[in-house]
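Chemist: These came from TrEMBL, pasted as-is:
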DOMAIN    3-140  domain 'Nucleoside diphosphate kinase-like'
BINDING   Lys11, Phe59, Arg87, Thr93, Arg104, Asn114  ATP binding site
ACT_SITE  His117  active site, pros-phosphohistidine intermediate
Amino acid sequence: MSLERTLIIVKPDGVQRGLTGEIIKRFEQRGLKFVGMKLMHISTELANKHYGIHQGKPFFEGLVKYITSSPVVVAVLEGKKAIEVVRNTMGSTNPVSAPLGTIRGDLAVEIGRNLVHGSDSPENAAIEINLFFKPEELVSYERDTDKWIME
Ligand code: IDP
Ligand code: MG
């Protein structure tokens, strides 16, 4: 099984609440490998591109305001089935119904403040990684623990 790469964002509420480490830790402990990471302030232009699929929806304006309101931490994670593993680690979009044990289920209460983004498909992961990272910002490396995480 080949490795996948996916984009995650610790959203402004995660950074402001001091939960960056907690959120990053959950992906890292799950066994995913970080191949890129940075702190940045998302511009309105980038937010419009990243959330372009939601344009026209009633929450779109608020969503762009939220994601551009304060710095975020963006990262690229690598692993087998990384996209699905990240989505399951995050929990469902609305934290109210996200299972306990997930980031959103444990740490959030509202859909408009749900702490974390994760790409939802291989196609979108590739587009989003390209939006946020230059190829030279991604680092490929061997991790000695991989044989204890993956067969
Ligand atoms: P996802 O983040 O779980 O992939 P999407 O449906 O892609 O969820 O929505 C993107 C983001 O837009 C959500 O994470 C959330 O921050 C916001 N959002 C989605 N639906 C609503 C809503 O009904 N009200 C307010 N914000 C919403
Ligand atoms: Mg989404």
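Including glycine, each Cβ sits where the backbone N, Cα and C put it.
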Chemist: Reported as an integer number of Å, what is the Cα distance between Phe59 (ATP binding site) and His117 (active site, pros-phosphohistidine intermediate)?
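Modeler: Rounded to a whole number, the Cα-Cα distance is 16 Å.
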Chemist: Reduced to three states, what secondary structure does DSSP give Arg104 (ATP binding site)?
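Modeler: Reduced to three states, the DSSP call for Arg104 (ATP binding site) is helix.
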Chemist: Over the residue list Lys11, Phe59, Arg87, Thr93, Arg104, Asn114, recorded for ATP, what is the maximum interresidue Cα distance in Å?
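Modeler: So the maximum pairwise Cα distance among the ATP binders is 21 Å.
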Chemist: I want to verify one value. Collapsing DSSP to three states, which class is Thr93 (ATP binding site)?
Modeler: coil
Chemist: If one measures from the C-alpha of Arg87 (ATP binding site) to the C-alpha of the residue listed as 'active site, pros-phosphohistidine intermediate', what distance in angstrom results, rounded to a whole number?
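Modeler: Just about 9 Å between their Cα atoms.
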Chemist: Output: those binding-site residues from Lys11, Phe59, Arg87, Arg104 whose CB lies less than 6 Å from an atom of ligand 1, in sequence order; none if no residue fits.
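Modeler: Among the binding-site residues listed, those whose Cβ sits under 6 Å from ligand 1 are Phe59.
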